[in-house]
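Here is the structure we will look at, set down as structure tokens.
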């Protein structure tokens, strides 16, 4: 499974390109730009499973760092500041990782 199974390749390219500068990543704008906000809850969960590289059922800090690369291999890694901001926005139960329900809520809030 790849992101282009669920999202338009052109939307992905534009969204990744909009956040090339370090510390510019805004998850709300990004999720809107790639079209994830408009997807069904089932599709959002499928995207979560692509982002959950180690298949632990959670997106941990290391996986958050490479979130843009999951959408486009040539994208940059997130900075430590961006990771912290994204984790704080998505981690509702304080376990330092984002579960599928937390990810779905994060996308819905975008």
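Keep in mind that glycine also has a Cβ here, set from the backbone N, Cα and C atoms.
Note on the domain 'EF-hand' (39-74): residues 1-3, 5-7, 12-13, 15-16, 19, 25, 83, 86-87, 90, 95-100, 103-104, 107 of its chain, located 6 or more positions outside it, place their CB under 8 angstroms from a CB of the stretch. TrEMBL lists 39-74 (among others) with the feature domain 'EF-hand'.
Taken from TrEMBL, the feature Ca(2+) 1 binding site applies to 52, 54, 56, 58, 63.
Counting residues 6+ beyond its ends, the domain 'EF-hand' (78-110) has Cβ neighbours under 8 Å at 22-23, 25, 27-29, 31-32, 36-37, 39, 41, 44-45, 48-49, 51, 57-61, 64-68 in the same chain. Summarising the annotation, TrEMBL assigns domain 'EF-hand' to 78-110 (among others).
The annotation Ca(2+) 2 binding site is assigned in TrEMBL to 91, 93, 95, 102.
The binding-site residues in question are 52, 54, 63, and the one with the fewest Cβ neighbours inside 10 Å is 54. Report note: the Ca(2+) 1 site is defined by 52, 54, 56, 58, 63, and the residues of the same chain whose CB lies within 8 Å of the CB centroid of those residues, excluding them, are 51, 53, 55, 57, 59, 60, 97.
Closest to residue 102 (Ca(2+) 2 binding site) by Cα-Cα distance, out of the binding-site residues 52, 54, 56, 58, 63, is 58.
Per-residue pLDDT, averaged over the domain 'EF-hand' (39-74), rounds to 96.
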